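Read through the structure below, which is laid out as structure tokens, and then see the notes.
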Amino acid sequence: MSHFKYRNQTTDICNAAALDAFAMYSNYSVPLALLFALLLSFQTARALKAADEYAVSPDLIPGLSQAEDRALVPTMHAGHIPLDENNDEHTKNYFFWKFHDESGSASGPARDTLIFWLNGGPGCSSMDGALMESGALRIDSDGKAYLNRGGWHTRGDIVFVDQPAGTGFSTVASDNDYDNDLKVVSEHFVAFLRNYFQVFPDDAGKQVVFAGESYAGQFIPYFARAVLDQDEVQVNLQALLIGNGWIDPNQQSLYYIPFAVEKGLITQDDPSFSYLLKQQENCQNKINSKENDRFSFKECENILNNLLEVTRKIKDSEGKKVPSDQQCINMYDLRLKDSYPSCGMNWPQDLPNLGKFFGTEGVLEALHLDPEHVSQWHECDDKVSNYLKNPDSRASAAILPGLLEAGLEVMLFNGDQDIICNNMGVEAVISQMSWGGETGFSENVQLYDWVYRSPENSEITPAGFVKYDRNLTFMSVYNASHMVPFDNALVSRGVVDLFLNDVDLVQIDGRDTLITDDVNKGKDGDASETDDTTELDCEGKDKLSEECKQLNASKGQNGESDKDEGEKGNEEDDNDDTEDGKKDAGDEKDDGEKDDDEKDGDEKDGDEKDEEDDDDKDENEKDEEDDDKDGDKPEGKNNDGAEDEDDDHNSGSHLAVTMICLLVSGTIIGGLYFTFRDRFRPRLRAILVDPTNRSEASKKTVSWAADLEQDAADLSNPENGAKKKGPYTSVPTQESRDSFELDNL
């Protein structure tokens, strides 16, 4: 604490002395006055610290000193970065907490990536993200930190920023310093970036990603636009990752009722259903009005509030009183309940742990915060949201098309259990966006199943599905809430892996499937490269696993035909299976399927060598069999000259068989190479196909609410509108209003 006081007093004394000298000499010489003015500005600019002054010692963070593997503890930096031109840390400034992986597990592309994470609100602290979601740490009920195995810091350096000013540990000098519009917030974030890269110049050349969730769906596109429109700060911005984004408040509000009907939260028979439809109609009328350039309408915001009110359960089906903390649906996770009217505001359950952590003596000082200068940590600040009304800004959905056309990758990932920013609403916004000469996802949209592979047992778990078209990716994350990394931290890293092109593309049950896992597989990474050629079945399990074999046996799929086919294959595979318990599924032929092989060069040569070795082995075995036959012949039956004649005949036969085997092997290998070389070249960006046109969806009218009431049954039992494309059999589309879950994955 004395450090802060001493440093600030010193700065004030120096500034006062410089001002006195400036006043004295300005009467004598203009050049001297200018010189002192420059000295004064230099002195003031010295308030910007060096990087090592922001270093955070793990030993000062409760719990980290007891970490079992200290090598996994990341390098950390934290503190205030001022925003004003004079770098005065006692006016408006942003608080940041940066994590850098030191375990060596990050791939080459990951080591060259810098992620800025922003939470929403507006006015909610990004310490939510740092300590409950994608950050390197989690906090237990005792207020102590422990390592988050699913932290995104292994996919790139990640910086959590409290913004706008007044959020979390970021400060303002007075109420006049609160921002009232997204354009102003964007200017301040660019100022933060300018000073950040001065403090950390080594980060200046890295590819930059803006990531976040919820209201960050507004912040991130606006910040990206501001970065592209200025040339003061050189930022190598490459991608925007937005989780459950609030990108078009009005349009997304129209999908609360359809989503609630689809999920069974309310039915058309409910007495309150017509009341909700009336609110829906009011919102639609506002959108269709001349005021449609407004950022948001109160009539649209009311829909969710009314939905939560009418679905409140005070008594259960037996007439018993429902506990007060179970009466309302959690708007952030429909699987959970909360008290009314909180309806999710008391969630996540880890939230109280953060207050206990930041309240622990010494933690603020460890993060280079002055306890006399910052207030007690609060998750969200009402003043920030009350001031930020955006009178001069439109919703960010109007900005996204230009960013896509500028070449930025935009990835919208959505937890499928969220209500407030649900899948249906986000996909509806996409369907109305126009970019690259098309509207919405085109007919050439690329569709993928998405699974996660456990590093412990290689078990495959369905993670979601992916759509890509013209730089825009939509990812639905199964069994995830509004805060995807909170529920599924390990799975959520697949969002970054997809951007880094660090995924496997395989076929599972004839469907194009992206596999993400816990290991970085980048070309320049230290982690070993996993084999992409694995053919998976048995509900996503490795074909050669014991569990899969038992499953096949129970289904009658592992009968004599498979056995005979296996005996005709490479006998060395069987030996390896016995010794290792399992082997790459690509070595096994199943029902005539060919080995999926991605490695063209060395592996092809190796296959030819294996074929030749097998041929030699077969030839030697045949020689031994012939020798045995000769040796078993009774001596009395050998005629004169017959033995020499048989030897000559056998020698010629052996040579002919050898030549035929080599010729056939070479023909097969050559055919396989030219057939499959394009398919199994080294990994390509799986999501890079240009689109074709799709007709624009007709604009809804005020009659849509009545249509919804009349056709509500269609929402509960949608027709199969699945798009069949290549190996796909049942892929959801926006038109189908399906459950957004792929059956039988």
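Any Cβ shown, glycine's included, is placed from N, Cα and C.
The active site annotation in Swiss-Prot covers SER214, ASP418, HIS482. The feature compositional bias 'Basic and acidic residues' is assigned by Swiss-Prot to 515-526, 538-549, 630-640, 735-745. Swiss-Prot lists 527-537, 570-579, 587-629 with the feature compositional bias 'Acidic residues'. Taken from Swiss-Prot, the feature N-linked glycosylation site applies to ASN471, ASN479, ASN552, supported by sequence analysis. The region 'Disordered' annotation in Swiss-Prot covers 515-651, 709-745. Swiss-Prot lists 1-47 with the feature signal peptide. If you look up Swiss-Prot, you'll see 48-655 marked as topological domain 'Lumenal'. Annotation source Swiss-Prot lists topological domain 'Cytoplasmic' at 677-745, citing sequence analysis. Look at Swiss-Prot and you will find 656-676 tagged as transmembrane segment, backed by sequence analysis.
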Between HIS482 (active site) and SER214 (active site): CA-CA distance (Å): 8
Rounded inter-Cα distance in Å - HIS482 (active site), ASP418 (active site): 5
Residue among the recorded positions SER214, ASN471, ASN479 whose Cβ has the most other Cβ atoms within 10 Å: SER214
Other CB atoms within 10 A, centred on HIS482 (active site): 26
Same chain, 6+ residues apart, C-beta under 8 Å of the C-beta of ASP418 (active site), given in sequence order: ASN244, TYR332, ASP333, LEU334, ALA480, SER481, HIS482
Three-class DSSP secondary structure - ASN479 (N-linked glycosylation site): coil
Coarse DSSP state, helix versus strand versus coil, of SER214 (active site): coil
